[in-house]
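Mind having a look at this structure? Questions to follow.
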Amino acid sequence: MNQNFSSMIDQYKHQQLRIGSVSPKQIHAWANKILPNGEIVGEVTKPYTFHYKTNKPEKDGLFCERIFGPIKSGICACGNYRVIGGEKEEPKFCEQCGVESVDSRIRRYQMGYIKLACPVTHVWYLKRLPSYIANLSDKPLKELEGLVYCDFSFARPIAKKPTFLRLRGSFEYEIQSRKYSIPLFFTTQGFDTFRNREISTGATAIREQLADPDLRIIIDRSLVEWKELGEEGSTGNDWEDRKIGRRKDFLVRRMELAKHFLRTNVEPEWMVLCLLPVLPPELRPIIQIDGGKPMSSDINELYRRVIYRNNTLTDLLTTSRSTPGELVMCQEKLVQEAVDTLLDNGIRGQPMRDGHNKVYKSFSDVIEGKEGRFRETLLGKRVDYSGRSVIVVGPSLSLHRCGLPREIAIELFQTFVIRGLIRQNLASNIGLAKSKIREKEPIVWEILQEVMQGHPVLLNRAPTLHRLGIQAFQPILVEGRAICLHPLVCKGFNADFDGDQMAVHVPLSLEAQAEARLLMFSHTNLLSPAIGDPISVPTQDMLMGLYVLTMGNRRGICANRYNPCNSRNYQNERTDHNNYKYRKGKEPYFCSSYDALGAYRQKGIDLYSTLWLRWRLDQRVIASINREIPIEVQYESLGTYHEIYDHYRVVRSVKKGMLCIYIRTTVGHISFYREIEEAVQGFCRSYSYSYGT
């Protein structure tokens, strides 16, 4: 990133950056700069960093001050100081060393470049899947790798000059006849002439194949072939059908890739490098640790390796007249491998290691991963009005609520609490308000609760892989130091309660708060945005708890009363650990669920005790009763009788008909039913409030 580019971002307030291929002309524009004396600098030609005696950057090296700017602001390589931006008409550079008098921060964005002696294929576009070069050229990846690393040669498809040999297609360079009949009879100059006329190998062959075809023609031909394959239909052979399907998928990817190149104004031949950009020195520093021992970034060593091999190839092509062509092609392969290691170490097999058997970190290692430049440095920045803590389960919370510890909440909403204290004339200035907050006076917590009632918060769990990774909640104060979360929202966050941490953010603007309420609240994100399946589903521990709550005694009254195994102890009196006496045959009766739960709280009955609960009369229940035959009918002297069924009994009167119904249940079933009933009623109230009914 050069100075013009960074100033453009500041001037126009751009909100995004696009990463992609650039032309050699653009790389020149980034790196080249014209000194006041008219000299153009920017090319790095030497693999050196600092001089071992003077400890100053080497000229035209990886840390050259002429290319990347001064190490200290206003001080040139000679040690002379000049005022930056002075009004006097003094030269802005040193005439002796050629270093500009600018701010040293220029070394954070001023780039350089290495002029490669031969084209080099960008390994990301060749070896990464999908291989863009293979897709666009419609050739097997293995054949392209053979061309890139000089194992194959390719006859030029369009002979623009007279040819001496009739070569067609690609041929393996390792064949003995070709190996001994082509390169060994030429000097360096003669072999270059032969290659320019007859054959093409290395990244040069890839560049020619990418530059020749028109992208629109590729799209049209791929579309025609795709339609022809679709019209053929099934062949009856599964292998052939799968082969045709893979070919159609490949054609679709090829058309999409060509359209992307056209849409972004990127030329396919830019995937082959002629100029290699050199990062600014501050992004690949050399520092001194304890004892004065220097520590260098691995990128510097990989750059040095590229420069060494590139300079060797340049010498072979320019100074040596009798170098065999075999040696030239071998050196081109070494340059390609050095650039591959710089961009992505280990992508072609065993990674390059240093003297301590440690793998060098390449560009890919610096960028990707959790500790890479994007996730750790750019996306992992700390922001104001945010906190972080461990999450624990909050079973009593509503789906749209979360529990914030007092320590976190008072820090997040401190400015709002200060404003509330001043508005209510409880503090005359900000200092007194902060002192009340430090002393944790009771009025502070009251104002904090008022502020939190109308202010949602955002919870985020890294990595945020989809939009449900950050959701809005209505906060409430809880004790402790952990964030309480409803267990049903864990699936959207891909979180569990084994030590996971989540970040909490406070939306400040009205637009952010409105977006949080309308789009990001957890109770409005119940379905997966990808496939539409429910995302808020009970977890395994919740299902286990519901099973334990409702298991009770699953056998009916008939099985309990007339089972031979129970007849022996049927009339025996039993005393439990709470000294509550009851008979198995005389199960308690309750008029309402409140009475049953009250007896459970007073330890009169346990969670699984069977009981009879009076139930409201319902036409659907009456209709189902009329279709069943009772197990037993008990008559009383006052004209009432009891019809006993498997799980309920009906009290009838000879004169008045059905009087009431008792169902046979447990305290666990009652608790579960009441929770479901309250949830349904709450949903109906919110639905009617939202739609004004």
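Yeah, the Cβs are placed from backbone N, Cα and C, and that goes for glycine too.
Relevant sequence annotations retrieved from Swiss-Prot are reproduced here:
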type	residues	note
BINDING	CYS76, CYS78, CYS94, CYS97	Zn(2+) binding site
BINDING	ASP496, ASP498, ASP500	Mg(2+) binding site
For CYS76 (Zn(2+) binding site), just count the other CB atoms lying within 10 A of its CB, please.
22
Looking only at CYS94, CYS97, the binding-site residues on record, which one has the least crowded Cβ, with the fewest other Cβ atoms within 10 Å?
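Across CYS94, CYS97, these binding-site residues, the one with fewest Cβ atoms within 10 Å is CYS97.
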Determine the Cβ neighbour count for ASP496 (Mg(2+) binding site): the number of other Cβ atoms within 10 Å of its Cβ.
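ASP496 (Mg(2+) binding site): 14 neighbouring Cβ atoms within 10 Å.
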May I have the list of same-chain residues other than CYS76, CYS78, CYS94, CYS97 whose Cβ is within 8 Å of the Cβ centroid of the recorded Zn(2+) site, in sequence order?
ALA77, GLY79, ASN80, PHE93, GLU95, GLN96, GLY98, VAL99
Around the recorded Mg(2+) site, report the further residues of that chain (criterion: Cβ within 8 Å of the mean position of the Cβ atoms of ASP496, ASP498, ASP500; site residues excluded), sequence-ordered.
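Everything else in range on the chain: ILE391, ALA495, PHE497, GLY499.
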Tell me the Cα distance separating CYS76 (Zn(2+) binding site) from ASP500 (Mg(2+) binding site), rounded to the nearest angstrom.
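Between the alpha carbons of ASP500 (Mg(2+) binding site) and CYS76 (Zn(2+) binding site) there are 52 Å.
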Using C-alpha atoms, which one of the binding-site residues CYS76, CYS78, CYS94, CYS97 comes nearest to ASP498 (Mg(2+) binding site)?
CYS76
Could you say which of the binding-site residues ASP498, ASP500 has its Cβ with the most other Cβ atoms inside 10 Å?
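Counting every other Cβ within 10 Å of each candidate, the maximum falls on ASP500.
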With an 8 Å cut-off on Cβ-Cβ distance and a minimum sequence separation of at least 6, pull the same-chain contacts of CYS78 (Zn(2+) binding site), or say none.
CYS94, GLN96, CYS97, VAL99
